[in-house]
Amino acid sequence: MVNRRAVLSFCLAFLPDIAPLSLVFSFAPSSAPKRVLVVKTARYGIINSCKTHRSACFRSHHTAFDSVEDDGSGSDGGGSLADTQQSDTFNSEKEDYVVSMTRRDALSLTITTASSLSVMTSFSPDTFAASADGPGSTPEKPIVILGGGGRSGMAVAECLISSQASRYVVTTTRTGKDPFQIVRLPPEMKQRLSSYDKPVDVNDVDSIRRVLKDTGASGVVFAASASKAGGNASQIDDVGVENAAIACRDVGGARLVVISALAVDRPKSKSYDVTNFMGGYVNGIMDAKLRGENKVRLLLKDYVVVRPGVLLSGKTRNGALDVELNQGDTIGGGLSRDELAGVVWGAMVCGKKGVTVEAYRKTTRTKLQPEFIVPSGNELTADTYVGLFENAKSDA
(Lines of atoms letter the chains of each structure in order from A; the text may use other names.)
(Lines give C-alpha, C1' and ligand atoms only; values in the text may rest on other atoms or scores of the structure.)
Protein backbone atom coordinates (compact mmCIF):
# COMPACT_ATOMS: atom_id res chain seq x y z
CA MET A 1 0.00 0.00 0.00
CA VAL A 2 1.43 3.36 -1.03
CA ASN A 3 1.81 5.85 1.81
CA ARG A 4 -0.09 8.97 0.70
CA ARG A 5 1.99 11.34 2.78
CA ALA A 6 5.19 9.90 1.33
CA VAL A 7 3.80 10.14 -2.19
CA LEU A 8 2.76 13.76 -1.69
CA SER A 9 6.14 14.64 -0.22
CA PHE A 10 7.85 12.92 -3.12
CA CYS A 11 5.72 14.68 -5.72
CA LEU A 12 6.39 18.05 -4.13
CA ALA A 13 10.12 17.40 -4.15
CA PHE A 14 10.41 15.74 -7.53
CA LEU A 15 8.04 17.55 -9.86
CA PRO A 16 9.77 20.79 -10.83
CA ASP A 17 7.26 21.40 -13.63
CA ILE A 18 4.80 22.15 -10.85
CA ALA A 19 7.27 23.53 -8.36
CA PRO A 20 10.24 25.08 -10.13
CA LEU A 21 10.94 27.70 -7.47
CA SER A 22 10.12 26.04 -4.17
CA LEU A 23 7.31 24.07 -2.67
CA VAL A 24 6.23 24.92 0.83
CA PHE A 25 3.35 22.99 2.27
CA SER A 26 1.70 23.21 5.66
CA PHE A 27 -1.46 21.72 7.00
CA ALA A 28 -4.02 23.41 9.19
CA PRO A 29 -4.85 21.86 12.58
CA SER A 30 -6.61 18.55 12.42
CA SER A 31 -9.80 20.20 13.63
CA ALA A 32 -9.96 22.36 10.54
CA PRO A 33 -12.55 21.28 7.94
CA LYS A 34 -9.98 21.37 5.16
CA ARG A 35 -6.23 20.97 5.23
CA VAL A 36 -4.68 23.74 3.22
CA LEU A 37 -1.80 23.29 0.86
CA VAL A 38 0.11 26.46 0.13
CA VAL A 39 2.20 26.36 -2.99
CA LYS A 40 4.66 29.02 -4.02
CA THR A 41 5.79 28.68 -7.58
CA ALA A 42 7.14 30.53 -10.60
CA ARG A 43 5.31 31.33 -13.79
CA TYR A 44 6.35 27.93 -15.16
CA GLY A 45 3.20 26.66 -13.51
CA ILE A 46 0.57 24.07 -14.13
CA ILE A 47 -1.35 25.90 -16.86
CA ASN A 48 1.51 27.47 -18.80
CA SER A 49 4.20 24.84 -18.33
CA CYS A 50 4.11 23.44 -21.85
CA LYS A 51 3.97 26.93 -23.38
CA THR A 52 6.77 28.41 -21.32
CA HIS A 53 9.20 25.55 -21.89
CA ARG A 54 10.04 25.38 -25.58
CA SER A 55 9.19 21.73 -25.60
CA ALA A 56 7.19 19.11 -27.41
CA CYS A 57 4.50 17.76 -25.10
CA PHE A 58 3.99 14.50 -26.91
CA ARG A 59 4.94 11.99 -24.27
CA SER A 60 3.75 11.13 -20.77
CA HIS A 61 6.48 10.41 -18.27
CA HIS A 62 6.96 10.66 -14.55
CA THR A 63 9.76 13.10 -13.79
CA ALA A 64 11.68 10.76 -11.52
CA PHE A 65 10.89 7.25 -12.69
CA ASP A 66 9.46 7.48 -16.23
CA SER A 67 7.06 4.79 -15.09
CA VAL A 68 4.04 5.66 -17.20
CA GLU A 69 5.38 5.01 -20.66
CA ASP A 70 2.81 3.44 -22.95
CA ASP A 71 4.63 0.17 -23.39
CA GLY A 72 6.50 0.15 -20.10
CA SER A 73 9.72 -0.33 -21.97
CA GLY A 74 11.71 2.65 -20.95
CA SER A 75 12.21 4.22 -17.67
CA ASP A 76 14.38 6.60 -15.96
CA GLY A 77 17.38 5.96 -13.78
CA GLY A 78 17.74 9.40 -12.36
CA GLY A 79 16.32 11.52 -9.62
CA SER A 80 16.33 10.82 -5.91
CA LEU A 81 17.25 14.01 -4.08
CA ALA A 82 14.24 15.17 -2.11
CA ASP A 83 15.89 17.87 -0.04
CA THR A 84 17.51 19.74 -2.92
CA GLN A 85 17.33 23.51 -2.72
CA GLN A 86 15.95 24.44 -6.13
CA SER A 87 15.37 28.16 -5.65
CA ASP A 88 18.80 29.16 -6.97
CA THR A 89 18.03 27.42 -10.23
CA PHE A 90 15.00 29.43 -11.17
CA ASN A 91 15.74 33.16 -11.30
CA SER A 92 13.16 34.14 -13.90
CA GLU A 93 10.29 36.50 -13.19
CA LYS A 94 8.12 35.03 -10.48
CA GLU A 95 4.41 35.00 -9.89
CA ASP A 96 2.96 33.61 -6.69
CA TYR A 97 -0.30 31.88 -6.40
CA VAL A 98 -1.99 30.00 -3.62
CA VAL A 99 -3.96 26.86 -4.15
CA SER A 100 -6.29 25.67 -1.45
CA MET A 101 -7.26 22.04 -1.72
CA THR A 102 -7.54 18.81 0.15
CA ARG A 103 -4.51 16.56 0.31
CA ARG A 104 -6.25 14.08 -1.99
CA ASP A 105 -6.88 16.86 -4.53
CA ALA A 106 -3.27 18.00 -4.31
CA LEU A 107 -1.94 14.52 -4.93
CA SER A 108 -4.29 13.93 -7.83
CA LEU A 109 -3.42 17.25 -9.45
CA THR A 110 0.30 16.68 -9.01
CA ILE A 111 0.31 13.25 -10.60
CA THR A 112 -2.04 14.27 -13.42
CA THR A 113 0.07 17.28 -14.30
CA ALA A 114 3.29 15.30 -14.14
CA SER A 115 2.03 12.82 -16.70
CA SER A 116 1.16 15.60 -19.15
CA LEU A 117 4.53 17.30 -19.35
CA SER A 118 7.64 16.63 -21.37
CA VAL A 119 10.77 18.60 -22.08
CA MET A 120 12.93 17.88 -25.09
CA THR A 121 16.65 18.26 -24.75
CA SER A 122 19.18 20.61 -26.30
CA PHE A 123 22.93 20.64 -26.12
CA SER A 124 25.59 23.32 -26.00
CA PRO A 125 28.28 22.79 -28.67
CA ASP A 126 31.04 24.31 -26.56
CA THR A 127 30.74 21.74 -23.78
CA PHE A 128 31.51 18.61 -25.80
CA ALA A 129 35.11 17.56 -26.13
CA ALA A 130 35.98 16.46 -29.65
CA SER A 131 36.62 12.73 -29.94
CA ALA A 132 36.88 10.74 -33.14
CA ASP A 133 37.11 7.31 -31.56
CA GLY A 134 35.80 5.39 -28.58
CA PRO A 135 32.39 3.74 -28.07
CA GLY A 136 29.84 4.48 -30.77
CA SER A 137 32.29 6.06 -33.19
CA THR A 138 31.21 3.78 -36.05
CA PRO A 139 27.85 2.24 -37.04
CA GLU A 140 29.43 -1.20 -36.66
CA LYS A 141 30.20 -0.48 -32.97
CA PRO A 142 27.22 1.52 -31.67
CA ILE A 143 26.15 2.44 -28.16
CA VAL A 144 23.10 0.47 -27.02
CA ILE A 145 20.63 2.16 -24.67
CA LEU A 146 18.64 -0.14 -22.38
CA GLY A 147 15.39 1.55 -21.39
CA GLY A 148 15.65 3.70 -24.49
CA GLY A 149 11.98 4.71 -24.43
CA GLY A 150 12.14 6.64 -21.16
CA ARG A 151 12.76 10.36 -20.97
CA SER A 152 16.32 9.98 -19.76
CA GLY A 153 17.04 7.24 -22.27
CA MET A 154 15.74 9.41 -25.09
CA ALA A 155 17.67 12.43 -23.83
CA VAL A 156 20.87 10.39 -23.79
CA ALA A 157 20.18 9.15 -27.32
CA GLU A 158 19.63 12.70 -28.59
CA CYS A 159 22.83 13.85 -26.93
CA LEU A 160 24.92 11.02 -28.35
CA ILE A 161 23.67 11.43 -31.92
CA SER A 162 24.04 15.22 -31.87
CA SER A 163 26.59 16.79 -34.19
CA GLN A 164 28.76 17.57 -31.18
CA ALA A 165 28.99 14.01 -29.85
CA SER A 166 28.50 12.29 -33.21
CA ARG A 167 27.92 8.76 -31.86
CA TYR A 168 25.98 5.90 -33.39
CA VAL A 169 23.17 4.70 -31.13
CA VAL A 170 20.74 1.79 -30.98
CA THR A 171 17.75 2.21 -28.68
CA THR A 172 15.99 -0.76 -27.11
CA THR A 173 12.60 -1.14 -25.47
CA ARG A 174 10.75 -3.90 -23.72
CA THR A 175 8.32 -4.22 -26.63
CA GLY A 176 10.64 -3.60 -29.55
CA LYS A 177 8.89 -0.35 -30.48
CA ASP A 178 10.88 2.61 -31.77
CA PRO A 179 10.67 5.41 -29.16
CA PHE A 180 11.62 8.00 -31.80
CA GLN A 181 9.03 6.90 -34.35
CA ILE A 182 7.05 10.15 -34.08
CA VAL A 183 9.96 12.41 -33.16
CA ARG A 184 11.32 14.75 -35.81
CA LEU A 185 15.10 14.87 -35.86
CA PRO A 186 17.55 16.54 -38.24
CA PRO A 187 18.60 14.12 -41.00
CA GLU A 188 22.24 14.07 -39.87
CA MET A 189 21.14 13.00 -36.38
CA LYS A 190 18.61 10.45 -37.58
CA GLN A 191 21.18 8.64 -39.70
CA ARG A 192 23.15 7.88 -36.54
CA LEU A 193 20.12 6.50 -34.69
CA SER A 194 18.43 3.14 -35.05
CA SER A 195 16.00 1.09 -33.00
CA TYR A 196 16.38 -2.60 -32.21
CA ASP A 197 13.19 -4.22 -33.46
CA LYS A 198 13.15 -7.14 -31.03
CA PRO A 199 12.00 -6.87 -27.41
CA VAL A 200 14.78 -6.34 -24.88
CA ASP A 201 13.76 -6.95 -21.29
CA VAL A 202 16.43 -6.26 -18.67
CA ASN A 203 14.91 -9.07 -16.60
CA ASP A 204 16.01 -11.43 -19.39
CA VAL A 205 19.79 -11.57 -19.65
CA ASP A 206 19.59 -13.53 -22.92
CA SER A 207 17.73 -10.67 -24.61
CA ILE A 208 20.51 -8.28 -23.57
CA ARG A 209 23.20 -10.66 -24.81
CA ARG A 210 21.35 -10.95 -28.11
CA VAL A 211 21.18 -7.22 -28.80
CA LEU A 212 24.84 -6.76 -27.88
CA LYS A 213 25.87 -9.55 -30.26
CA ASP A 214 23.54 -8.47 -33.07
CA THR A 215 24.67 -4.85 -32.98
CA GLY A 216 28.34 -5.31 -32.09
CA ALA A 217 27.86 -2.83 -29.25
CA SER A 218 30.92 -1.04 -27.92
CA GLY A 219 28.99 0.72 -25.16
CA VAL A 220 25.83 0.19 -23.10
CA VAL A 221 23.81 2.77 -21.20
CA PHE A 222 21.48 1.43 -18.52
CA ALA A 223 18.65 3.98 -18.41
CA ALA A 224 15.84 1.70 -17.24
CA SER A 225 14.04 1.87 -13.92
CA ALA A 226 10.98 0.44 -12.22
CA SER A 227 7.60 0.67 -13.92
CA LYS A 228 4.22 -0.92 -13.43
CA ALA A 229 4.45 -2.83 -16.70
CA GLY A 230 8.18 -3.48 -16.82
CA GLY A 231 9.02 -4.62 -13.31
CA ASN A 232 9.51 -3.42 -9.76
CA ALA A 233 12.60 -1.75 -8.33
CA SER A 234 14.25 -5.02 -7.33
CA GLN A 235 13.65 -6.57 -10.75
CA ILE A 236 14.98 -3.60 -12.72
CA ASP A 237 17.47 -1.67 -10.59
CA ASP A 238 19.02 -4.73 -8.97
CA VAL A 239 18.57 -7.81 -11.17
CA GLY A 240 18.28 -5.81 -14.39
CA VAL A 241 21.52 -3.93 -13.76
CA GLU A 242 23.23 -7.21 -12.87
CA ASN A 243 21.97 -8.74 -16.11
CA ALA A 244 23.38 -5.83 -18.09
CA ALA A 245 26.76 -6.32 -16.44
CA ILE A 246 26.67 -10.08 -17.06
CA ALA A 247 25.84 -9.53 -20.74
CA CYS A 248 28.66 -7.00 -21.13
CA ARG A 249 31.07 -9.45 -19.50
CA ASP A 250 29.93 -12.43 -21.54
CA VAL A 251 29.82 -10.73 -24.93
CA GLY A 252 32.90 -8.61 -24.27
CA GLY A 253 34.01 -5.28 -25.64
CA ALA A 254 31.14 -3.14 -24.32
CA ARG A 255 31.63 -0.39 -21.75
CA LEU A 256 28.73 -0.02 -19.28
CA VAL A 257 27.40 3.30 -17.98
CA VAL A 258 24.69 2.93 -15.33
CA ILE A 259 22.32 5.77 -14.43
CA SER A 260 21.69 5.32 -10.71
CA ALA A 261 20.73 7.94 -8.10
CA LEU A 262 22.18 10.19 -5.44
CA ALA A 263 22.10 9.10 -1.79
CA VAL A 264 21.74 5.37 -2.47
CA ASP A 265 24.21 4.61 0.31
CA ARG A 266 23.08 7.40 2.65
CA PRO A 267 20.10 5.84 4.48
CA LYS A 268 20.12 8.63 7.08
CA SER A 269 19.51 11.32 4.47
CA LYS A 270 16.09 12.76 3.68
CA SER A 271 16.69 11.99 0.03
CA TYR A 272 17.01 8.30 0.75
CA ASP A 273 14.16 8.23 3.26
CA VAL A 274 11.60 9.86 0.98
CA THR A 275 12.54 7.91 -2.13
CA ASN A 276 13.15 4.44 -0.71
CA PHE A 277 9.81 4.00 1.04
CA MET A 278 7.35 5.06 -1.63
CA GLY A 279 5.54 1.75 -1.65
CA GLY A 280 4.20 -0.08 -4.66
CA TYR A 281 6.52 -1.15 -7.46
CA VAL A 282 9.13 1.49 -6.55
CA ASN A 283 9.36 0.50 -2.90
CA GLY A 284 12.97 -0.09 -1.88
CA ILE A 285 14.30 1.55 -5.03
CA MET A 286 17.36 3.06 -3.34
CA ASP A 287 18.34 -0.28 -1.81
CA ALA A 288 17.85 -1.95 -5.18
CA LYS A 289 19.99 0.61 -6.98
CA LEU A 290 22.82 0.15 -4.50
CA ARG A 291 22.68 -3.64 -4.84
CA GLY A 292 22.79 -3.24 -8.61
CA GLU A 293 25.77 -0.89 -8.42
CA ASN A 294 27.70 -3.29 -6.21
CA LYS A 295 27.08 -6.19 -8.57
CA VAL A 296 28.44 -4.14 -11.47
CA ARG A 297 31.59 -3.46 -9.45
CA LEU A 298 32.05 -7.18 -8.84
CA LEU A 299 31.41 -8.24 -12.43
CA LEU A 300 33.14 -5.56 -14.51
CA LYS A 301 36.18 -3.34 -14.68
CA ASP A 302 35.03 -1.15 -17.57
CA TYR A 303 32.09 0.73 -16.11
CA VAL A 304 30.99 4.16 -14.86
CA VAL A 305 28.13 4.69 -12.41
CA VAL A 306 26.46 8.10 -12.69
CA ARG A 307 24.34 9.19 -9.73
CA PRO A 308 22.20 12.17 -10.75
CA GLY A 309 20.24 14.33 -8.35
CA VAL A 310 16.65 15.42 -8.81
CA LEU A 311 15.88 16.03 -12.48
CA LEU A 312 14.92 19.66 -13.05
CA SER A 313 12.70 20.96 -15.81
CA GLY A 314 14.05 23.29 -18.46
CA LYS A 315 17.36 23.16 -20.28
CA THR A 316 20.95 23.90 -19.47
CA ARG A 317 22.28 27.40 -20.05
CA ASN A 318 25.99 26.71 -20.09
CA GLY A 319 26.28 22.93 -20.32
CA ALA A 320 29.24 21.39 -18.51
CA LEU A 321 30.24 24.78 -17.08
CA ASP A 322 27.13 24.63 -14.88
CA VAL A 323 27.64 21.02 -13.81
CA GLU A 324 29.71 19.59 -10.99
CA LEU A 325 30.60 15.99 -10.28
CA ASN A 326 31.46 14.70 -6.83
CA GLN A 327 32.57 11.43 -5.26
CA GLY A 328 31.67 9.94 -1.91
CA ASP A 329 27.90 10.55 -1.97
CA THR A 330 27.99 13.43 0.50
CA ILE A 331 26.95 16.30 -1.77
CA GLY A 332 23.95 16.49 -4.05
CA GLY A 333 21.63 18.79 -5.93
CA GLY A 334 19.63 18.81 -9.13
CA LEU A 335 20.32 19.03 -12.85
CA SER A 336 18.37 19.14 -16.08
CA ARG A 337 17.86 16.08 -18.20
CA ASP A 338 20.10 17.36 -20.98
CA GLU A 339 22.84 17.99 -18.42
CA LEU A 340 22.48 14.39 -17.24
CA ALA A 341 22.69 13.24 -20.85
CA GLY A 342 25.90 15.23 -21.28
CA VAL A 343 27.38 13.62 -18.17
CA VAL A 344 26.50 10.17 -19.53
CA TRP A 345 28.20 11.08 -22.80
CA GLY A 346 31.31 12.15 -20.89
CA ALA A 347 31.23 8.95 -18.86
CA MET A 348 31.00 6.84 -22.00
CA VAL A 349 33.97 8.32 -23.87
CA CYS A 350 36.26 9.61 -21.08
CA GLY A 351 38.29 6.40 -20.90
CA LYS A 352 38.08 6.16 -17.10
CA LYS A 353 37.20 2.72 -15.75
CA GLY A 354 35.60 1.63 -12.50
CA VAL A 355 34.35 5.08 -11.51
CA THR A 356 31.30 6.29 -9.55
CA VAL A 357 30.28 9.96 -9.56
CA GLU A 358 27.44 12.12 -8.29
CA ALA A 359 26.15 14.76 -10.73
CA TYR A 360 24.30 18.01 -10.09
CA ARG A 361 24.20 21.67 -11.08
CA LYS A 362 26.60 23.84 -9.12
CA THR A 363 23.92 26.30 -8.02
CA THR A 364 21.91 23.52 -6.38
CA ARG A 365 24.79 22.07 -4.37
CA THR A 366 23.75 20.90 -0.89
CA LYS A 367 25.01 18.40 1.67
CA LEU A 368 23.06 15.17 1.93
CA GLN A 369 23.35 15.00 5.72
CA PRO A 370 23.90 17.76 8.31
CA GLU A 371 27.32 16.49 9.34
CA PHE A 372 28.75 16.60 5.82
CA ILE A 373 30.90 19.51 4.65
CA VAL A 374 30.44 21.72 1.59
CA PRO A 375 32.66 21.73 -0.38
CA SER A 376 33.62 18.10 0.12
CA GLY A 377 37.04 18.39 -1.47
CA ASN A 378 36.07 15.83 -4.11
CA GLU A 379 34.46 18.25 -6.57
CA LEU A 380 35.16 17.73 -10.28
CA THR A 381 34.66 20.64 -12.68
CA ALA A 382 35.61 21.35 -16.29
CA ASP A 383 34.40 23.19 -19.36
CA THR A 384 33.49 19.98 -21.20
CA TYR A 385 31.48 16.94 -20.18
CA VAL A 386 34.38 14.64 -20.98
CA GLY A 387 36.73 16.86 -19.00
CA LEU A 388 34.58 16.48 -15.89
CA PHE A 389 35.97 12.95 -15.52
CA GLU A 390 39.64 13.83 -15.95
CA ASN A 391 40.48 13.69 -12.24
CA ALA A 392 37.85 11.16 -11.18
CA LYS A 393 39.13 8.47 -8.83
CA SER A 394 38.38 4.80 -9.37
CA ASP A 395 36.25 2.80 -6.94
CA ALA A 396 39.05 0.34 -6.24
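In case you wondered, yes, glycine gets a Cβ from its N, Cα and C as well.
Those TrEMBL annotations? Automatic predictions, nothing curated.
The shown structure was predicted, so the numbers you read here are calculated from the model rather than taken from an experiment.
As recorded in TrEMBL, the features of this protein are as follows:
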type	residues	note
DOMAIN	200-345	domain 'NAD(P)-binding'
REGION	68-87	region 'Disordered'
SIGNAL	1-20	signal peptide
Checklist entry - So what's the mean pLDDT when you look at the domain 'NAD(P)-binding' (200-345)? => result 96
Next on the checklist: With helix taken as DSSP H, G or I, strand as E or B and everything else coil, how many residues of the domain 'NAD(P)-binding' (200-345) land in each class?
Outcome noted: 68 helix, 29 strand, 49 coil
